[in-house]
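What Swiss-Prot records for this protein:
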BINDING   Cys31, Cys213, His238, Glu242  Zn(2+) binding site
BINDING   Lys274  ATP binding site
MOTIF     33-43  motif ''HIGH' region'
MOTIF     271-275  motif ''KMSKS' region'
Amino acid sequence: MNKDIFLTNNLNNKKEKFVPINKENIGMYVCGPTVYDNPHIGNARPLVIFDILFKVLKSKYGHDKINYIRNITDVDDKIIKSAKEKNLSISELTNNVIKDFNDDCNYLNLDNPSQQPKATDHIDLMIKMISTLIEKDFAYVVNDHVYFEVSKFDDYGKLSNKKLEDLIAGSRVEVSDNKKKSEDFVLWKPSKDDEPSWDSPWGKGRPGWHLECSAMSKKYLGNVFDIHGGGIDLIFPHHENEIAQSRCANDSKVFANYWIHNAFITMSNEKMAKSTGNILKIKDFKDNVDGQVLKLALMSAHYKQPLDWNEKLLEDCKNTIDKWYEVYLPPKDKIVLDEDILSPLYDDLNTPGYIAKLHQLYDKALKGGNEEKSLFVLACNFIGILNKTKEEWIEFKKKKSSINEDDILEMISLRNKAREDKNYKEADIIRNKLLDKGVLIEDKDGKTIWKLK
């Protein structure tokens, strides 16, 4: 496609035309989960947003031209703490959470990334990078710890657009007598006897969190690549530290050219976070909410804006998809999406704009023929919506309904009998009972038809 892609780049907080380093091999790195607990809806937002970006890049440059890396952090203080609390080994915990995470991604109908590397498979690369930073005098060793010396990197704070002293004052900085200055951050630290550890030139220990992404992005994408993404909470200190250690280790003036960050999901205008217990886990929705409903809800606000999560949002999205399935028709192979349809997504991933476009296409499909219906469904499929057949959608609604089909038909029969007897009060009571159980009825051409809400 000839249309340009525009993205808001947090390096300068401006919307810029996306120009890849090499359009034959575009690199995108997104910070994935730290697998100490199951993902919640707040974690799902970047998964969905960067899946959309992955799809957009593939649509423009080709499916085999995008190298999308989404890492898994499987060594971390939170993991150690969680494993002890749950009386599990580290490997048992991380393997369980990784499996659940992958199941959640399938539930949301996300495209698989090109690679999903685990931190523990790349410890040797991290040790090598630390050694390089020490040799170049950007890092120092104290009591089996290795720290990055922030004052030696002049561009520190550029991504956050803040001075160093402001960043330190406004964040929780690890306090340690080993550091030269409070802003220095750990690259390697010793492990206790019951904690995961690896041999290194500085003794048995494990890497700092920030180093993991620098080592893995270097392996899979090189010293400089196109896009780095994650939640807005990662800008500082995680992404700021990544930039510092990567540029210093690699002697590069750039780490990633475009930095994309999504805003938080809130509940009652408070950030959703595991640390506060203010969370809704993805797995808790699976029995009662179809994944595409959840996905549409996550796309209902622009990724740069906070999204307040509530039951009405979910209900509205379910009703929208229910309506859209009324015109469902498997898309024809020859039909393609033109640039005009995809234009909102090319403009800084404007998902609300794309959803508005889908409503327009639905109206045309409702009045048009098979070609209009196929085009509408294809446009929905592009973002992973209407990916199930109409029969599968109805079957899911039946499973979660508190009433079976035989009971529905029996109640409709009783209602029809009440209407024949002119007992309209009783007929209304039965209608309302069905409605309470999620069943809508309509009298049409002398018959009563029903559908699940």
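Just so it is clear, glycine is given a Cβ too, placed from its N, Cα and C backbone atoms.
Comparing local CB density within 10 A for the binding-site residues Cys31, Cys213, the maximum falls on Cys213.
Per-residue confidence over the motif ''KMSKS' region' (271-275) averages out at a pLDDT of 72. Note: the Zn(2+) site is recorded as Cys31, Cys213, His238, Glu242; in the same chain, Trp209, His210, Glu212, Ser214, His228, Gly230, Leu234, His239, Asn241 also have Cβ atoms within 8 Å of that site's Cβ centroid. Around the Cβ of His238 (Zn(2+) binding site), 18 further Cβ atoms fall within 10 Å across all displayed protein chains.
A simple way to gauge crowding: the CB of Glu242 (Zn(2+) binding site) has 25 other CB atoms within 10 angstroms, across all the protein chains here. Secondary structure counts, DSSP: the motif ''HIGH' region' (33-43) has 3 helix, 2 strand, 6 coil.
DSSP assigns His238 (Zn(2+) binding site) to a helix in the three-state reduction.
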